[in-house]
Amino acid sequence: MSKTHVYELAKKMGVENKELMARLKSLGIEVKSHLSVLEDEDVQKVTAPPTPPKGVQQQEEVRVTTTVIRRRPKAVAQPPEEVAPAAVESAVIEEAPAPRVEAVPEEPKASPAFAETVPAVEEPKGVEPKIGVPKVETPVASESKAEEPRVTAPPAQPKPVAAEEEKPTMNRARILGRVELPGLTTASKPVPKPAERREVVIPPKRKMEERAVTPQPAAPVADDRKKKAKTFTEPETPAGGAPGAKKGAPGGKKKEAFKKAELLEKRERIFEPGPKTGKGRRRERESVTFGKKTEITVPKAIKRIIKISESITVGELAKRMGVKATDLIRVLMKMGMMATINHPLDVDTATLIAAEFSYEIENVAIDTDEMLESAPDTPESLKKRPPVVTIMGHVDHGKTSLLDAIREANVIAGEAGGITQHIGAYDVELNGRKITFLDTPGHEAFTAMRARGAKVTDIVILVVAADDGVMPQTREAINHSKAAGVPIIIAINKIDKPEAKPERVKQELMEFGLVSEEWGGETIFVEVSAKKRINLPELLEMVLLQADVMDLKANPDKEARGTIVEAKLDRGRGPVATVLVQEGTLKVGDYFVAGVHSGRVRAMQNDRGDKVLAAGPSMPVEVIGFTGVPDAGDVFISLSDEKKAKEIASHRQQKLRETELAKHSKMSLEQLYDKIQKGEVKDLNAIVKADVQGSVEAVSDSLRKLSTDAVRLNVIHSSVGAITETDVNLASASNAIILGFNVRPEPKASAMAEKEGVDVRLYNIIYDAVEDIKKAMEGLLEPTLREKYLGRAEIREVFSVPKVGNVGGCYIQDGKVLRNASVRLLRDNVVVYEGKMSSLRRFKDDVKEVATGYECGIGLENYNDIKVGDIIEAFEIEKIATKL
């Protein structure tokens, strides 16, 4: 037994899959899709010629046996008796509107009959009758002539009633109408509603003959039918009086005239209540509006309100108000502001300008603060949290040494110049209780970061060296702490030194209102030694005691909120930020927004490098998953909706761009006049690159403070990462210098800088960079030491030599390496070590130099932490006279 798929059978039958499936379901054959399998019996059922329902067959047999159609041409009066009277009336009624519907046949006399049949085919079944129309044309035309003598005009008036009463007769007469009874078919098929709709569409103002022939049927081919109807205007007009047309006798003209009057009467009756549509209405509207004069209108009050977000350009504002941009610029000049068409205007300025033209400005900027608001915490939801402690103090007073002593980790050895290079956050546990420490650099360049640290901290430990006393940076730290309302604990460090004078330190601090408890004050003083580990437990106990007094609490059961402590760009992990969670719990997978950046927490690590799945209040974690490097001090907010986080970040980015553009493009007439009077202002442009975001901001702020009346220092670009070719191109175009802090330029960038003559200055200590630029601006810069690049070597293998240490098996990539040259070890373009070379060998022989393309062994002086893939950069120091 063969099986056939539905789609195969549909292809053979030439029908669509859906159509065949519908037919199968109507036959009671269940199929799920076009891939369903059909049995042979089912195929035979479908392919068998369709048989109409039994009721219809009986009706057909009765109609055919009565031979109603064949009697009509012979006897005019008898057929109406055999056929239902209502059917005859409906047939007579339909003959009047029929000529308006369609006039497709070629013969003038046959066209009325065909016109009668077309609506009959169209109305009952919608689409199918259209297919059957051409088949009916010839027989209908011939037999309509025999039928027409029986039709009389008077019965046409009761048309609407008769048509509605004879709906069942219509359905029975449809099949007969195809063969022999066009009159009955016409009467049964059309439904009154569509017929009325067609007539209503016809414009009433046309001439009698055209209106009788050109209806607007609901069929898709209305336009073609209208054209054909117009062509056969003469013969179709008598179609309403088809009997006269059939006889061909002189009385036909009378019939035509009578039919015209009847049609006119009907149209007047139908068209009076109906609304005007189509071309007639359009022509009437055009005729009315053609004679009107153009009026100059004033916009409505609601249209005179312009909605803007934060700012708007002059051109856009002019466009919305419908005025010329030059008029707006003229108003701005009267207000003392030079502007172009692309000049951005803030809300206040735009409001003043719009008022000149009788417009109002409405600020529709998104309120991100409102979107990020959280419900206040209930007292029951608050739980105790660890204190956050910030260590502050002057340069080289021992802040990092003290913190390292507490953490029992000796990481101070690699610090350059005794200065902490970036903010760090650490978690320390003491007697089952945790304390979070923030380590801030002591140089004045980090004023902004220290202020941010004071905002997130609970307690400040102010480190003062017993042998040095109170210094300028110590005063700044005290001022920041007092401004933030943070309690201060004084740690007098280096008491193990012979020259230590802790009593003098206490006396100096009294000037700032910090009086020791021993002297009757309220400030806690602890004498410690980070080097000798003296009194460290006592210091931590004082911190915990102060925390108990403050009763620090937070709600861990909510979306996390915190602060960005530090951020950097890691080559392997992308943007990485240290986040201090202040309330709520941050989990892996949470969406967040921080400043102008958003993201999703992909991974978290604590200060020891261990992976963390959740971080509660007062816990610092390193978060991976930012879209960009955020700024230190940005508020970190966890959100449940990614779309919301992206929307807020996008809005903040746009706002930042508009603010920056407005800040750089503003220039008033007074400023322009001052510049002309003073002459050309000398600008010193600088590009700042550093290893972490906090250092970038600190260097940029310090450089901006160095601007004087003679020389203005502009930081045109600052970012995290190595110095690249893009930076060199920008410096070359802007006539700027490049300042690198703890980063190195890429090889191609170094070559381009030398070719373009761009001054690239590299520093390990921010203080040196600021002092050098300050001296250069003052003309006091001494002959400087310039670095001469020699070559680069890549470590491809690491060998451990007894009593010597690790030696790197290197390949010289470019230049040459000299034995007495200084070297720098780079890991991901970040300086890891800088010093001297202890050995340079080839095949167990000491050599003076190794050129490009050769391999050699290089040992570093007092340094063994070398890895495969590290770069050793060789250089020499030259003394060159400095030119301003």
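Even glycines carry a Cβ here, placed using N, Cα and C.
Among the ranges 378-382, 418-422, 638-642, 693-697, the one that Swiss-Prot lists as region 'G2' is 418-422.
Checked against Swiss-Prot, the range among 42-62, 273-293, 651-671 recorded as region 'Disordered' is 42-62. The DSSP breakdown of the region 'G1' (393-400), given as helix, strand and coil counts, is 2 helix, 1 strand, 5 coil. Break the region 'G4' (493-496) down by DSSP state and the numbers are 0 helix, 1 strand, 3 coil.
Residue environment of Gly393 (GTP binding site) contains 26 other Cβ atoms, counted within 10 Å of its Cβ in all protein chains.
In this view, the densest Cβ surroundings among the binding-site residues Asp396, Lys399, Ile495 belong to Lys399, judged by other Cβ atoms lying within 10 Å.
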